[in-house]
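Asker: Right, I'll just put the structure down here and ask away after.
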Amino acid sequence: MDPVFQRIRARQDKFDAGQELLDLLQDPFAGQLQQTSFFAALGTSVLFTLGIAIAFSFLRPYNQSVYAPKTKHADEKHAPPPIGRKLWSWVFPLWSTTEYEFIQYAGMDAAIFMRFVEMLRNLFVTLTVFVLAILIPVNLTQVDVSGEGRAWLAMLTPSNVWGDAQWAQVTVAYGINAIVMFFLWWNTKKVLHLRRRYFESDEYQNSLHARTLMLYDLPKDRSSDEGIARIIDEVVPSSSFSRTAVARNVKDLPKLIAQHDHTVRKLESVLAKFMKNPAQLPPNRPLCKPSKKDPSFSTYPQGQKVDAIEYLTQRIKTLEVEIKQVRQSVDKRSSMPYGFASYSDITEAHNIAYACRKKHPHGSTIKLAPRPNDIIWNNLPLSASTRRWRRVINNLWITLLTFIWIGPNAMIAVFLVNLNNLGRVWREFQTELVENKTFWAFVQGIAAPAITSLVFLVLPIIFRRLSIKAGDQTKSGRERHVVAKLYAFFVFNNLVVFSLFSATWTFVAGVINRTGHGADAWDAILEENIADTLFLALCTVSPFWVNWLLQRQLGAAIDLAQFWPLIYSFFARKFSSPTPRDLIELTAPPAFDYAPYYNYFLYYSTIALCFAGIQPITLPAVALYFAIDVWLKRYLLLYVFVTKTESGGMFWRVVFNRVIFATMLADLVFFLTCWVRGEGAHHTHALAIVPLPFLMLLFKFVASRQFDDKIRYYSTLNVAKHPESGLQKEQRLRSERLASRFGHPALYKPLITPMVHQKAQATLHIVYKGRLSDGREAGGMDGMSVSGYSDTFALDPMNAGKPGKQMNTHVPGFEFVSDSHMDFEFYKNRPEFADEHGQGDLFGADADRMRPGTPGSHGGESDYSRPGTPTMNAMAGGMTGFNRPLHRAPTHEFNTAAAGYHSPNGGRASPGPGFPQGMGYDRSRSPLYANGNGSNTALVQDAAGMGMGMSMGAPAPSYSNNSVGGGRDRSVDSFRMAPTPGPSTGALGGGPRGYSNLPQAEADQSPGDADPSQYDYFRGNARSQRRPGEGW
């Protein structure tokens, strides 16, 4: 044989890994399509879901901290209905709880989420009946080929239905659009009704943010208190003057506090591991590397570790001193280009916000202020141009990530779903695969789902960080953006690419092949018939989506079972050394992550709508999922999860728009079906579909114009066009004094103190021999000896703040927690714990009503303190804080957990404006705190604040103001609350009038006389108070 032919033959016989890879990429998701049958998927899904529900029913009565933590921690007003210990007792409250009760128990965001899920359930049940009644008979009877040898699911598709039978597709398309529009309109009306009730609720009417405007992008010459008032006057000159506060530059204070929190937690972890068995300490003390953020980092030997306990305690003390100095010097810094304006009337604040919604006086923006805990403070100083540029960069990154994921997604589908494919391109691995089939079968079953699940868990975190980098100013706004980005990512990569990748690859390869043989490119494109290729690809992939949707039930059941919290809690307690703080957080209600769940439900809905005409069985599959999950999510939101940052139901517009988009995407699939299978040169069936996307867009704009402003604003009267309304309001505001202001949390947030287990109390002084003052007891002296010994005299240390009283003998600077108090119940109102677990809204400590230590935010300090000025040393906290009215957890020597004990301030960090409480037990009060009335506490601070509750048996005081009985005076800083004769709640303790009914200001001195440099921005005269909904 000719040697040339021998070389050619050898080259043909040679293994070509590249060609094998190209062949596999032509249909990368073929392995995933070889799933179990429809009935197998349905059976396994239902059986596993039922089994998990039964297991949950058995576990629930014995694990209340995991399956019903809110029944223990919520106050009486927000506590969900009690559940019995019987097997199915948890089912009945889900049926009996109305939507209005659900709002009270779980919050507005949770209620809107449940209304969305219920809307999807009702929508797809209706679509199931409508679509199956029309398409199934047509697709089974109007085929032009025999059904022998075809799978029954394939027979339900319109792949072999031609001609006038496609009018059924047109009818279904119009019907789906009409039904979707009906459900969206109906439920948006219900959402509007819920928002109006929310506006009229006591929580909203008494909240600070409801009557506050936020202004940002302020020019330099308007970055002052007076400048904010002048900007508002330019837009709405007839409005009453507000109390305004421009922000101050806190510079590196937030970073210092973050470093302090991190260092405290690290010290707690070191102590927990080192003192796990205090009776038998390890021979070697723990070591750590100095922090690179420590200014003295360069003084330590490079690469050498230091004593962890000594270094971390000293680092904490240094940070606390630095934080204290920065807080005291805040007013020496420049102002920031944002601020707030508070009004005494919610209606006026919303009217002004509505009038300013499209105006930008001097380049600034005026809008309703979010809740203080909702603000991303670091992004407020950003200029409009900076935010705009960051958004562009952020969108480019997300677009790049979306397209880059196509490659890994295809590789996972090709190789990890079926490892035999990897062996086809890698002969050495094929040998390994044959020798160890069992092991690699195990890897194949776990690898792809594990990697995919990990990506889906990490994606929300990535998108959140990108949104913060892009300049999002609120956490709730960031979450809405995350929903939008996740939805776009999932629809493109997991629906469009997954369903059409093979068809697109085949089309491109065919065009390249034809043009390679000399054909014209346009003729090659026409001959390949891309429309028919895409349509057949959708028909081929449709059985996979049916099975995939049926298997979603398992994920819903796993959510209910809370397996991960159970497993994590067990291993954390048994096989690690958790800190007291970790154990307390394990008992706290977890925060519900709305963004991924909204995305999942929108994604499932998009799949069902897009394949409604291709494979009608997708509709009952997704309807079954929502019919089951609506009850499971209702239980979780009622009894398990809390809303970390309440937005008042502002997610609705985001999901509304995505449902509109999903319907329009479904219209494109109907158009494709009618174009390919409809007869006639003019494609009459397809052209009949063309108006539908435009009708949906028109519906969106009409609904937006009808509902958006009413949902967002309490009142939409444009005071700029109706100045007489402002004048009428002006006559009602003269007597009100309002000084509630927003402040950066770095200015007032208490510093956390290291928590140590009580069993380590006796030996901690041996482990640590430094000098620190007590972080939670006033009167501690920095110079005291921690070990209790002196160079000269062996005397007991005395309390500097309490003459004649012995100093606390515990090791100062630490908080000891006993086993019985390692529970979120005792710490739920502390900011350090409440920040991650609902901000105390469900626990009777709404931070929006009372913000401890915020300058000018309560009656206990001057109405005219400068904005951003920290005026209370009580909030210092930490290891070196003085006069902090937070006491350590009860021990055997100091026990506040006795029956009937109540904290005078409901467990809050400091006294502040309160609201009349009913007599009797108040679940909102934590038994942890006991704010002393001794001489070492801040007298004016503790006395002037309005008491949170009355002692047992004390009659309610009456006031000679115009507040409605039992209600809260809207002006929390009123100086004209002279009590009528009668007992005072402040007698021998804190109260509205201070100790022993002593006034905190001269009777003949008005607040304005206290500081002539301050200008009174109020005008108008007295008006009577009103309850929400009563009218004038």
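Glycine is no exception: its Cβ is also placed from the backbone N, Cα and C atoms.
Note that TrEMBL annotation is computational and uncurated.
Annotations for this protein, taken from TrEMBL, read as follows:
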- 37-186: domain 'CSC1/OSCA1-like N-terminal transmembrane' (DOMAIN)
- 210-379: domain 'CSC1/OSCA1-like cytosolic' (DOMAIN)
- 390-673: domain 'CSC1/OSCA1-like 7TM region' (DOMAIN)
- 282-301: region 'Disordered' (REGION)
- 839-871: region 'Disordered' (REGION)
- 900-934: region 'Disordered' (REGION)
- 959-1032: region 'Disordered' (REGION)
- 38-59: transmembrane segment (TRANSMEM)
- 123-145: transmembrane segment (TRANSMEM)
- 165-186: transmembrane segment (TRANSMEM)
- 396-419: transmembrane segment (TRANSMEM)
- 439-463: transmembrane segment (TRANSMEM)
- 484-508: transmembrane segment (TRANSMEM)
- 601-628: transmembrane segment (TRANSMEM)
- 659-678: transmembrane segment (TRANSMEM)
- 684-703: transmembrane segment (TRANSMEM)
Asker: Under 8 angstroms, Cβ to Cβ: which one of 396-419, 484-508, 659-678 has the largest number of such pairs with the transmembrane segment (439-463)?
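Answerer: Against the transmembrane segment (439-463), the leading stretch is 396-419.
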Asker: For the transmembrane segment (484-508), could you work out the same-chain residues 6 or more beyond its ends whose Cβ comes under 8 Å from its Cβ atoms?
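Answerer: Answer is 25-30, 398, 401-402, 405-406, 409-410, 413, 459-460, 463, 466-467, 528, 530, 533-534, 536-538, 541, 595-596, 599, 602-603, 606-607, 610, 654, 658, 665.
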Asker: State the residues, same chain only, that lie 6 or more residues beyond the ends of the transmembrane segment (659-678) and have a CB under 8 A from a CB inside it; answer 'none' if no residue qualifies.
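Answerer: Distant Cβ neighbours of the transmembrane segment (659-678) are 158-159, 161-163, 166, 169-170, 172-173, 176-177, 180, 184, 491, 531-532, 534-535, 538, 602, 605-606, 609-614, 684-686, 688-690, 692-693, 696-697, 699-700.
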Asker: For the domain 'CSC1/OSCA1-like cytosolic' (210-379), what's the model's average pLDDT?
Answerer: 90
